């Protein structure tokens, strides 16, 4: 019963699966693997075990929307007691389940609702089959064993290691009957002896989980009376979405997103290049800088697209880690260079002042710090698991970048106000209108960032809730970096429009 009572803690340990092939072992701390899935005709979950697996286990596959039906309330008066999730002998005595559910997960369905009306696939899985050498032939047919305290044949170390073993009676009949033949994922009514990979069809988009608990039996041999036999298994859970590849469903939208961004920046670069070619003799220094940044952005979007396509094709590994650092460096370089250019432009370089003097060194130092913190943040949001990472660690990645970003924004706005005041004093209306429009663009950007910061803060404050991953897996990529990339595109395109090459550049 100990493991059954600890099951909610296993649910709190849900993590966004980094790949669609997830290894599973009997020694795993968490007995559950969950991820979002885009449902469709070819989408499915495969659970396979190798030939060394032996013993029995309780197994369930379900969509998170049916989580409320998994397990029964242990006590109606004591809310501190978690649900009872697995049908053991103790659960049977307390009428939490019936004998047909022994060794299975308990499903508490309301009256009139059958398992075929839900997403559940539940089974008691055995390895080797009746008489197989991979399954102990001396297993007793006694009841489920609750590891009674004080058993003289069980050492203290074994009691500590196996806090909740279960005993299942031997079954000599292979499963051939299901609850309903026309069900999409019919559950076995008897023990399911493993022979081929277990496949679960996914037609509906949702957040799906595979949970399994090993079942421990008692040996009936004369030499090893009452010595527990502990199952062992090694396997793989494979999540196949409607798309082909190894990217988790929560990250797959980035492939199409960065493809669209690459095309948009390519079109922008083409239009900018044509204007520069047409007015090549009238270009200002700032327009040369913007030309370099436009080309840099095209390369960065292409690198992001290639990175996620590589992950989808090959999964994570040494090569993808190197690729990640390249993309992170490009992303941080783009941000640092963009803010640096905004800062020197706001100070009137090449328009109001010929040189910034020692101020230029301060601008370069701030840009360098922002670049370093940007690389750390870009790597952190990919490598860290939000559900299991402490708030302090997350803040160590966010706060330094927030400080340099705030420094840039405050300095840029202060410089803009100073430059606008100078242009007003000189009555240079054309230049003044350009810098005033730039000011309005930046103020609107700050407002949007503040709104999204508040929304994101509320969202991430709930990351320790057991249903956080189930609710946010579709939009997490957008909250982390999608909207920032789109905001940058809008702001950059607006600035390019203001400083677009024309025949009147010199004026």
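Glycine is treated like the rest: Cβ placed from N, Cα and C.
Note: TrEMBL annotation is automatic and uncurated.
Worth saying up front: this structure is predicted, and the values here are computed from it rather than measured.
In TrEMBL this protein carries:
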| type | residues | note |
| --- | --- | --- |
| SIGNAL | 1-19 | signal peptide |
| DOMAIN | 31-109 | domain 'PTM1-like N-terminal' |
| REGION | 128-157 | region 'Disordered' |
| COMPBIAS | 132-143 | compositional bias 'Low complexity' |
| DOMAIN | 253-506 | domain 'GOST seven transmembrane' |
| TRANSMEM | 257-277 | transmembrane segment |
| TRANSMEM | 289-310 | transmembrane segment |
| TRANSMEM | 322-345 | transmembrane segment |
| TRANSMEM | 365-382 | transmembrane segment |
| TRANSMEM | 394-417 | transmembrane segment |
| TRANSMEM | 438-460 | transmembrane segment |
| TRANSMEM | 480-500 | transmembrane segment |
> What stretch in 257-277, 289-310, 365-382 has the biggest tally of Cβ pairs under 8 Å against the transmembrane segment (322-345)?
Replying inline: 365-382
>> Within the domain 'PTM1-like N-terminal' (31-109), count helix residues (DSSP H, G, I), strand residues (E, B) and coil residues, in that order.
In response: 14 helix, 28 strand, 37 coil
> Taking all residues of the domain 'PTM1-like N-terminal' (31-109) together, what is their mean pLDDT?
Replying inline: 84
